[in-house]
Amino acid sequence: MAQESPKNSAAEIPVTSNGEVDDAHEHGYNRDLKHSLPSGLGLSETQITSHGFDSTKEGVTEAGAPQGSSAPPLPCVLSPSRVAASKLTQQAGDLTVPAGGQRTHTKGGPVILADEIKNPAMEKLELVRKWSLNTYKCTRQIISEKLGRGSRTVDLELEAQIDILRDNKKKYENILKLAQTLSTQLFQMVHTQKQLGDAFADLSLKSLELHEEFGYNADTQKLLAKNGETLLGAINFFIASVNTLVNKTIEDTLMTVKQYENARVEYDAYRTDLEELNLGPRDANTLPKIEQSQHLFQIHKEKYDKMRSDVSVKLKFLEENKVKVLRNQLVLFHSAVAAYFAGNQKQLELTLKQFHVRLKTPGVDAPSWLEEQ
């Protein structure tokens, strides 16, 4: 430690009334000094020195023994100093932390992080802007087509298949509605036949003179009710199969058709924009717009071609599945109705067994899918 003359090294050591060093002042100053430094800047990174004979010695002072003394030197003591704290605060304020984590000196100001953080609000705003622009283009295209001013891309063969599918769906929905009405009426008739059979059976027991007559009618009504329940099971199975075909299989295909039509509108909208730009002048301002429009047109053209291919494949598989399902269900419906009105109970039961139709026993819950495996 460099020795200075007594004239320049007036050590300031606060002491108590007992002659001991006042540690409370030292700890309080160190705490204030740490609070005044920015995060990451330690005491080891700061230096306070005195220059000149007449400069004010505040902050760091050296307390040492006089020259020639055998006593060991006293350690450095930090005494509270507002001037030193203000200087350290100014030095710390001139530091910024760049992206690499290194500190560089600036003129002053708060600590700034150079890493760019993506703003979620800006990303959402950009998505909304793109969606609004796309919606505007598609709406303009639809209005132009309805007014007869714009052109639209048409696949005649595919459009004809889609129209037939929609027309068939309406007809199948009508058949489904009528079959449900028949099932409801048949259920009420079977319920009435059961009640009538029970009434005949009760009267056959109480009327000895008409015992046989009431008994025959009771047996007939019970047999009709039993056959009606069998026919009702076949009709309900027919309804369930047609309902799955109409409201799930066909509906799924029509959802794909809807996506195809939306892709067609977008394709025509961006095609129209590209055609309008190509008809205009070509200069330094319009060429970037034409290139961007060409890029967007190509993207929507690929999307349109893909959706058209998907619709064609789905229509093909739907037609095959529809023929297979409806053929089996129509044969079941015809055989069950014919056997019921012919009074052929064995043929009616054989028909249900042939098509794997299970009748629900009254008072017994249907088995779960695990029990059916």
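Using the three backbone atoms N, Cα and C, a Cβ is placed for every residue, glycine included.
These numbers come from a predicted model, not from an experiment.
The compositional bias 'Basic and acidic residues' annotation in Swiss-Prot covers 22-35.
The annotation domain 'AH' is assigned in Swiss-Prot to 153-353. Here the domain 'AH' (153-353) returns a mean pLDDT of 90 for the predicted model.
The N-acetylalanine annotation in Swiss-Prot covers Ala2.
Summarising the annotation, Swiss-Prot assigns phosphoserine to Ser5 (among others).
According to Swiss-Prot, the feature phosphoserine maps to Ser36 (among others).
According to Swiss-Prot, the phosphoserine annotation covers Ser39 (among others).
What Swiss-Prot lists as phosphoserine is Ser69 (among others), and the listing cites similarity to another entry.
The annotation phosphoserine is assigned in Swiss-Prot to Ser79 (among others).
Per Swiss-Prot, the feature phosphoserine maps to Ser132 (among others). Taking the Cβ of Ser132 (phosphoserine) as centre and 10 Å as the limit, one finds 10 other Cβ atoms among all the protein chains shown.
Residues annotated as phosphothreonine in Swiss-Prot: Thr361.
The region 'Disordered' annotation in Swiss-Prot covers 1-47.
Taken residue by residue with DSSP, Ser132 (phosphoserine) is part of a helix.
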